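Enquirer: Take a look at what Swiss-Prot says about it:
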BINDING   HIS192, GLU271  Fe cation binding site
Amino acid sequence: MSSKTALLLLQMGGPDSLDAVHPFLMKLFTDRDIIKIGPAFLQPFIARRIVNKRAPKVEEYYRQIGGKSPIRELTEAQGEGLQQLLGEDFRSFVAMRYSRPSTIDALAAIKRAGIERVIALSLYPHYSRATTGSSVNELKRVLNESGAKFEISYIDRFYNHPLYIKALSEKVVQGLAAFPDSKDVEIVFSAHSLPQSFIEEGDPYLDHIQETVRLVMEQVGEGSHTLCFQSKASRVKWLEPSTEATIEQMAKAGKKNLLMVPLSFVSDHIETLYEIDIQYGEEAKALGIERFIRTESLNSSPLFLECLADLVKTAAK
């Protein structure tokens, strides 16, 4: 057996073509860790009706950003960057929750490599049962069904890690520098939304998001900022205020310069490339916002990779 440690990166995934949008959405809407639609035995039927209606619209979103999600390539690049930082004792693998390579694919590859020790690193900084929880549950389910024996440890959050905060703060400072006068900029932190019921049931996601914002603004220094939530996916009550409503409120208040800071996203994908850059960008322009700029995503930025490497080193001890 190999003495290497497998570094398993857990990520949501995304369609790798327009034809993959429908199956991707079906996997998403049938995952009861992320959304419960009626009784369990009816969820696949209800999900199919929802997805059949939504898929054409979502396909158009992906068409506008190149016809697919870049999340696989970006996650694999993060894994390669981590391998370079961590050395030859580690080998990276990727497990996407709703696309390929799947958790089954990743564990099979680890087994073929003869590796017995696995560090599962969730690429969601802020813990939620809908994201990290779902990915970890899927990993445990696959392990149980396959009977595979691995020594596994989990990294399930890093919302307050000093290097993560430093990496985010660096992006905010760079974004502010793109404006003629940084003092006249509203910093808008936009996090992925979550059903309000999750928070009421004890999910720590909102607390983690708020703490990240507080720590980033501590480093950035003075500046007007607000927190909002994007990507609502059902009719139940979700976290508020929404990003759309926040942009509208800023415009009504006479704000002309918005710096959008994506939170809970460590890589570019549809929420940044389409939702913020295109959808919200067009809305902001129509409302009279003169400068609408998004901070660069972390992707494989050196500070972010250092953060992940530090998390892995700690877990490997």
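The count begins at 1 with the first shown residue.
In case you wondered, yes, glycine gets a Cβ from its N, Cα and C as well.
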Enquirer: Only counting partners 6 or more residues apart, tell me which same-chain residues put their Cβ under 8 Å from the Cβ of GLU271 (Fe cation binding site).
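Expert: The list for GLU271 (Fe cation binding site) reads HIS192, GLN230, SER231, PRO262, PHE265, given in order along the sequence.
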Enquirer: Across all the protein chains here, work out how many other Cβ atoms are within 10 Å of the Cβ of HIS192 (Fe cation binding site).
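Expert: Neighbour count, Cβ to Cβ under the 10 Å cut-off: 25.
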Enquirer: Does DSSP put GLU271 (Fe cation binding site) in a helix, in a strand, or in coil?
Expert: helix
